[in-house]
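Data block below; observations after.
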C-alpha cells in the first residue's frame, strides 16, 4: 500500500465509519419497526391526536398572567427535543493505539467531520420536534410560520452551542478548563433553554425578537471564538482519549438501549439476571410436577428481556387506553384486543429459543405438549395484565369501561390460546 493510499484511507476514516454505522442502524430499524410495532405506533399516534382534540374541546384556561397550558406543554416537548443529538465521533478503544501518531488529524479534520455530521443530525432532530410541536403551538396561538421559524432557530442555536462545547472538551487546550465542567451539557439542554422560553412567556413581541437576536449573536461569537482557538492551537493539540472514548461509549449505549426498548437486538450478549424478587413466584411452580412450565417461567424472568419488553408495551398501551375518549367503548375493546395480541407476539420467540436447548427437549420430547405448557404460561401472563388494567379502570374510571376492557382482554386470550398460538408455536423449529 502506498503512502498516498494510506492518506486517502485516513482522510475518509470518519465517512467510512459513519456509512457503516448507518447501514447497521437501517438493519436494526427494520427489525424494530416490524408490521406489529408499526400498528402499535399508529394506535399510539391516534391516541395522542384524540387527547389533543379532547384538550382543545375542554378549553382549559390558565390563571391570569400565566401562559396557556398548551404553550407549557410545547416548551416541555421542545426541551425534550434538545436531549437528542450529541457529538458522534465513532472513536473506538483500538484507535488509541493505532492512531496514536495522528493527533493532528484527529483534532483537526476528523473532529471537524464529526462536528458537521453531528450538527446535521441534531438539526434534523430539532426540525422534527418543532414540527410535532406545531399543534400545541397552534392551540396556544403561536402557530404562525414566523414564530415556528424563530423557535427552530433557537433550538438549532442551543444545539450548536452544545456540540461546540462538547467538541472543545475533547481537546486539552489551555482554556479547556472553561469547557470541562460537566454542567455545560445540562445548561445547554435544560437550564438555558428553560430560562429563555420562560422569559419569553412574559415578554412582548419586541423583547422576544431582541432575546432571539442576542442568542444568535452569542452563538455566532462562541462558535467563531472556538474556531479561532482551534486553528491557532492546531500545532499543539492532542485529543483527550479518556473523555473521547467515554463519550463514544455512552452514545453507543444509548443507541442499543433505544433498540432494546421494544425489540430484541441480535448479536448482542444476553445478560442473565437473578431477580431475587421473583424467587417467591418461582417457588409456586414445582419442578417435579411441571418442569417444562417452570423452565419457561425461568427463561422469561431471568433469561432475557422478552418479558421486560412485554411489560413496557403493556404500560404504554395502558396509557394509550387512558387517553382514549370515554364516549366510545369500542375504542377500549379494540385497543385491548391489540394490546394482548402484541404482548403474546413479543413473547412468542421464547418458545423457539427454548427449543434450541437440548435440556428442554430431553425433559419433554413431545413438542405438542411443550406448546401446551407454553400457551398456559402466556395465558397466565395475559390474564394478569388484563386483570391489572381492569383494576386500574375500576379505580379511576367507569365500571362500563372496566368491564369492556376485561371482556375484550379475556376474549383475546381465549382466541390466541385456542386458535392462533397452537399453529404459530408448531412452526417454531429447533
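Each residue, glycine too, has its Cβ placed from N, Cα and C.
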Looking at 72-93, 138-159, which one does TrEMBL call transmembrane segment?
72-93
Could you check which of 3-27, 28-52 is flagged in TrEMBL as transmembrane segment?
28-52
If you look at how TrEMBL annotates this chain, which of 169-188, 189-208, 209-228 comes out as transmembrane segment?
209-228
Positions whose Cβ lies under 8 angstroms from the transmembrane segment (72-93), at least six residues beyond its ends:
14, 17-18, 21, 110-111, 114-115, 117-118, 121-123, 125-126, 128-130, 132-133, 136-137, 140, 142, 151, 155, 158-159, 162-163, 166-167, 170, 188-190, 193-194, 197, 244-245, 247-248, 251, 254
Can you work out which residues elsewhere in the same chain, 6+ from the ends of the transmembrane segment (114-137), have a Cβ less than 8 Å from its Cβ atoms?
14, 18, 52, 70-71, 73-74, 77-78, 80-82, 84-90, 143, 147-148, 151-152, 155-156, 159-160, 162-164, 167
